[in-house]
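Annotated features, as they stand in TrEMBL:
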type: DOMAIN; residues: 7-84; note: domain 'Cytochrome b5 heme-binding'
type: TRANSMEM; residues: 120-141; note: transmembrane segment
type: TRANSMEM; residues: 147-167; note: transmembrane segment
type: TRANSMEM; residues: 254-279; note: transmembrane segment
type: TRANSMEM; residues: 299-318; note: transmembrane segment
Amino acid sequence: NGDRGPYAVYTWEEVQKHSRRGDQWVVVERKVYNVSEWVKRHPGGRRVIGHYAGEDATEAFTAFHPDQRLVRKFLKPLLVGELAPSESSEDHKKNAAIVEDFRALKEQLEAKGLFRTNPLFFVLHLGHVLLLEALSLALLWNWGSGWINTILCILLLATAQSQAGWLQHDFGHLSVFKSSRWDHLVHKFVIGHLKGASANWWNHRHFQHHAKPNVISKDPDVNMLKLLVLGNVEPVEYGIKKLKHMPYNHQHKYFFLIGPPLLIPVYFNIHILQTMYIQRDWVDFAWYLTYYARYFSCYVPYYGFLGSIVLLTIVRFLESHWFVWVTQMNHIPMEIDHEQHDEWLTMQLKATCNVEQSFFNDWFSGHLNFQIEHHLFPTMPRHNYVHAAPMVRELCEKHGVQYQVKGLWEAWCDIVRSLRTSGKLWLDAYLHK
């Protein structure tokens, strides 16, 4: 009954029926939209909207889109009606007080100017990435490609790649420029030309993770391709079904072999090419090629073609360790479960913890030591997380939501601990349930 015109009224029960692929409705600020066709054109990817089909998407909608006026233009033609006056604004027994307080907090942070960028921060950040790349070439130019120089080059390039990774993340989230068009353009330059990856591949994957962090079958970051079982729920389900794709009770050991070393050089590499090909994304492919053209023209004269490939593989291998330990420390040890329909604040805090602030931790993790603030406000420039954190913590205390902060080493140990715990849960269920 989507043809009742824009003045139709619906109950939550009616909206919830439209949650299948090809028939998707979402609710934003009590208005009901039919996004079934629009998902194919959504710049953030089709899946991220699909994860909210049949649900209230107000909090996610406001978190992801910095320019509300612009996106509302696209929403208007999709309107099919609104919620009946008798229906509450929140679906699935969400806590209206938490939703309201969180909205008020965001307004406070906006009033304090915490969503405004300090351009110098990002200029210096890009500068230090380019400097590291240039230094590596300067070493070869001046002192040739001996062993010591090669090792120094690898370290410089791995650092440049990791730091460019944190920088592309800022542009991908539209957290730098006033105009998101500029964010998108510079994102393509940083992830495409400086890193040899694809902007759309990253965004379409990463926004799903932000929309439903640690939600099984919605967050791609907890889909471990049956190689690992995570959290307290999935291992037991695997065990009961007698699924043993891997010896999961040893996963805290083999994680060191298949996780940190292989994610970027193997899995991401294949996935990026596959995604660009399937989506026929020739723009991102062109950017991707400019990275390899530049890399080979710079390094083939010193190492030859095969040597350059080996060099790059070692750089990716090191970068991959850096990336995995930093990105997993905030999420893997946290709650991982099926869809619970929590408020934005509760959902993000269940799935996320912080790591202590220090100059090194900020730099090393690209400010993802403030993962909680980043998840609550993905469009906030990262140099402002530290100012938002005390107010976020206060709100969490008020509502009894756990706000966890750890040391860097402790956070890394917790990854391995939680893998061990999940493995034991699996084994117990596999043998006895």
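Residue 1 is the first one shown; counting continues down the chain.
Heads up, the Cβ atoms here are built off N, Cα and C, so glycines get one too.
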Contact count check, CB pairs under 8 angstroms to the transmembrane segment (254-279), set 120-141, 147-167, 299-318; argmax is 299-318
Could you give me the DSSP helix, strand and coil counts for the domain 'Cytochrome b5 heme-binding' (7-84)? 32 helix, 21 strand, 25 coil
Could you please provide the mean pLDDT value for the domain 'Cytochrome b5 heme-binding' (7-84)? 92
